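**Q** Here it is: the structure, laid out below.
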Amino acid sequence: MISKDEILEIFDKYNKDEITIATLGSHTSLHILKGAKLEGFSTVCITMKGRDVPYKRFKVADKFIYVDNFSDIKNEEIQEKLRELNSIVVPHGSFIAYCGLDNVENSFLVPMFGNRRILRWESERSLEGKLLREAGLRVPKKYESPEDIDGTVIVKFPGARGGRGYFIASSTEEFYKKAEDLKKRGILTDEDIANAHIEEYVVGTNFCIHYFYSPLKDEVELLGMDKRYESNIDGLVRIPAKDQLEMNINPSYVITGNIPVVIRESLLPQVFEMGDKLVAKAKELVPPGMIGPFCLQSLCNENLELVVFEMSARVDGGTNSFMNGGPYSFLYNGEPLSMGQRIAREIKMALQLDMIDKIIS
């Protein structure tokens, strides 16, 4: 694991008057880059030719670093360019997927916003479950084996795959039938099936809750919420049940978009308590814990209980739903505030207070 001292030694060589904010051109990079510009930073977008169109059209990137493949971001020459540009990298789901978690932890020698140690805790289901449970959050019942299935379950797989390959089953037989079908279609592998995460299917309404923890203020902020727009399930439910049966289509849960939502106000104390508990436990289990953005993906059942089924320990894709600010982020200072701008504001404050060691790794 790259040490904090190694990163601070690199940062000490930076020109502090020319700090840039960099990220991979994907996932949540539009508001990360735009937010940085609004806070006065120059921005760097790592991208491929042909994939640079949105960042040029929206004019959010001051500099481009072109790669043949997104996975090239881990290469030493790209790291050297980022260091030459005095870059602080903001990680997101695509960055972690393409760079590779092992590389992020052990060989990506560029200062990153946040705690790079905690990223494994969102990626590995066992660690994620440990953190959520020990924080005292309500989580779905977990099944250790397909043979244990005794009710309706949802089957998920490791990594940031945006819901691809997820399926619902109500018996051991149905699990193996659907898994085999997805394998034949090239969506799952034997390794995926062996590592399947099987959990209770919770019936409820979806709230993906976007928090920001500021180490500088020691405060958990609520910036926004969204629900997921998924294919093909959200199209499938528009078809009458009789026709669905005749069509014999297997539902899938691939995230294709995000829809902003607000939660009933009486549930906000529960929302804040969940964020506070997670931050406190993360400090204990994975010091220094959460830094900056994190997300709790939850379902609200008919008893008005929020059940957390997934966690993001970095900026989540749903933050795209409030690029120009949202109802909750507006309440803090009466201004439109995206997650990207909130990240940049924390970096700017840390530079001004000479507390950059509190927010980078």
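Each residue, glycine too, has its Cβ placed from N, Cα and C.
Quick paste of what Swiss-Prot says about this protein:
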DOMAIN    116-348  domain 'ATP-grasp'
BINDING   156-166, 199-202, Glu230  ATP binding site
BINDING   Gln297, Glu310  Mg(2+) binding site
**Q** Name the secondary structure element type, per DSSP in three states, that contains Gln297 (Mg(2+) binding site).
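**A** Looking at the DSSP assignment, Gln297 (Mg(2+) binding site) belongs to a strand.
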**Q** Using the alpha carbons only, what distance in Å do you get between Pro158 (ATP binding site) and Glu310 (Mg(2+) binding site) once rounded?
**A** 11
**Q** Within 10 Å of its Cβ, which one of these binding-site residues (Lys156, Tyr166, Glu200, Glu310) has the largest number of other Cβ atoms?
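**A** Compared across Lys156, Tyr166, Glu200, Glu310, the most Cβ atoms within 10 Å surround Tyr166.
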